[in-house]
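Copied from TrEMBL, the annotated features are:
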SIGNAL    1-19  signal peptide
BINDING   ASP88, ASP354, HIS358, ASP397, HIS398, HIS477  Zn(2+) 2 binding site
BINDING   ASP88, HIS195, THR197  Mg(2+) binding site
ACT_SITE  SER132  active site, phosphoserine intermediate
BINDING   GLU349  Zn(2+) 1 binding site
Amino acid sequence: MRLICVLLVVRFSATGVLGSPLSAFVTVANSGPTHPMDNPDWVPPTGPTREKDREYWLASGQARLRRQLELNEQNLNVAKNVIIFLGDGLSIPTLAATRVYMGGEELELAFETFPHTGLAKTYCINYQVSDSSCTAAAILTGVKNNYGTIGVSGHVPLRNCPLSMQESNRLTSILKYAQEDGRSTGIVTNTRITHATPAVAYAVSGARYWEDDTELPPGCVDIASQLVHGDIGTNLTVALGGGSRHFYPTGSFDRNGEPGRRTDGRNLVDEWINNAAARELRAHFVHDRAGLMAIQSEDVDRLFGLFSGNHMSYRLLADPQREPSLQEMTIKALEILQRNDRGYVLLVEGGRIDHAHHDNLAKLALDETVELHRAVERTVQHLGESVQETLVLVTADHSHTFTIGGYPVRGNDILSTGDFSRFDRMPFFTLTYANGPSYVDHFHETGGRRNPEDMRDRFHDPDFTYPAAVPYEDETHGGDDVAVFAKGPWAHIFTGLYEQHVIGHGLLYAACLGPDSFHQSDACRERLRGGTAEPLRALALLLAILIVVGHLRTQALFII
C-alpha cells in the first residue's frame, strides 16, 4: 500500500513537466527538446486545401451514399467460382497503415472497395489468440479447432497422431467439396505450400509442424506427401508456392540448387510427375518465373510450382526475374482453372505479411499488403464478365500486436516518428508493436528508450525494426477481430460480426457445395450435380419443338 501511495503522488518538476508514476522508472532531463505544442509560437498543422471547405465533405458524403445505395443490390446467383484471398496476419491497423504507405490516408485498397464488409472473431477453441492453422480450418472447413492442428476437430490435441487418423475427427475443406462437384481447385501462396494455411486446404495432420517426415510419428502421413498422394492433393489442378525442401530428400537439391530435407529418400516432385503421366494428364512442374510465364493454359491439365526451398522472398527483396509475384501466380492459376465450365475454387494466400510482423519489420509487412492488393485488383480485372458468377472474398486469419499511435500530422511519413514524449523528451514512432525481438534495438539495457533521431537514416530500410514494448523471441499474433470483404454472388451474407467459421459456411452456401443437410438457396436447387439447369432447359425446349413439329406433320398427313 505504501508503494502504491508513493507511485500515485502527483507533482510538478522544476521544468514544469507534470510528474507521474512514470517518473519512477524514466529519468527526465532538465534540458533538451520539448513537445512542439509547448512552444508559444506553435502553429497548428493544416490539412489539404480542398478539405477545408464544408462543400467537399458534403459532396463526397453524398457521392459515397449514392455508391452505397447502388452496391446494396443483392446478387443471388450461384457462385460458380470462389476465390478466397487470405492475408496472413492482415490486421485492421495493417490495412490503415498500408493506405498511408501507398500515398495517403484517404486511399483505398482494391478489396476495400468491395460492397460488403464484416468482422470475424479469430480465437481457437483452446486459445484466446489463434495461429494460422486453427483459423484456416474455420475459414476452409467451417469448423473451429485446436491451435496448431491441421484439418482435424477439437477432439485432437496438438501432436496427437492416433486421434488425427480417426475418420470421425477429420474435417472436409471446401476444396474437397468442389472436387466432388466436378470443379477445378487451386492453391497459390508465397509461403511454403506445406505451411499452415495452404495445408488445411488439402491435408489432415495432428500438427502443422509435420511438413515432411523428419519429425513425423509412426502411422501418420506428412503434409508434403498428402499434397502429392492425398485425396485432395492428387486432384489439385494448380499448386504454386515455396517449400521445395519438404519434397526432396537429404543429399539432393531442387532445381534452384537448394537442399532437400526428407529422410525417407523420396523425391516427391518426381513422384508427382510420374503419377500425372500414369493418369495421362498434361502436367507441368515449374521452379522459376520464366517457367511459369511460359505455361500456355490450354496445354495444361495440372500445374505444380515450387519457387523456393523455404518461403518465397519478400517482394521488396526478391529477384523478380527468378521468383514470380503473387499477382503473376494468381493470374496464371486463374487462366488454367477457368477452362472448367463447371467452375473452380481458388485459395490465394499473401502469407509474408505475417512473417514481417513476427520480426517487427513494419515496412515489409506493409509492402506485402500492397502485393495482396495488387493481386486482388488484377484478379477482378481479369475476371471480366465472369465476376457476376464469382464470389471473391478477402480476409485475414488473425491479427498482430501492431498499432498506429501518437498524434502524427496529416500526411506524415508512416515509417517515421510522428509524435513527441514529454517524459523522456524524445520523438516516437507512429508504428509500434506490443512485443517482439526488436525490444533490444529500441531500449537500453539499463532502461529507457534509445533516441529515434539517431536512427533517422535507417527508417526506410526494409530490415529496420519497429519498437516492441516487451522483449519476445518472435512477435505474437493479436486476438482482435479481422475484416472480411466480399464481392459477387451472396456477398451480402458476409456482413456483420460473426464467428470465423461462419465464413466457411457462407462460402459453401453461395457456391452450392457441402453436404445435402446444409442450407441451400433456390438457385442451388436448379443447379444439379454434374451439370447446370441451363442444358436441361435447352433439352426440354428441343423436345417440345420436336413434339410440336411431329404433331403438325401428323395433322398435315391427316388432311391430305
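For all residues, glycine too, the Cβ spot is worked out from N, Cα and C.
Where TrEMBL records a feature, it is marked here on the structure.
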residue : record                : Cβ contacts under 8 Å, 6 or more apart
ASP88   : Zn(2+) 2 binding site : SER132, THR191, THR197, GLU349, GLY350, GLY351, ARG352, ILE353, ASP354, ALA396, ASP397
HIS195  : Mg(2+) binding site   : SER132, THR189, ARG208, GLU211, GLY241, GLY243, HIS311, GLY351
HIS358  : Zn(2+) 2 binding site : GLY89, HIS400, GLY436, ASP474, GLU475
HIS398  : Zn(2+) 2 binding site : GLY89, SER91, THR122, VAL129, SER130, ASP131, SER132, THR135, HIS477, GLY478, GLY479, VAL482
Cβ within 8 Å of the mean position of the Cβ atoms of ASP88, HIS195, THR197: remaining residues of the chain near Mg(2+): LEU86, SER132, ALA136, THR189, THR191, ALA196, PRO198, GLU349, GLY351, ASP354, ASP397
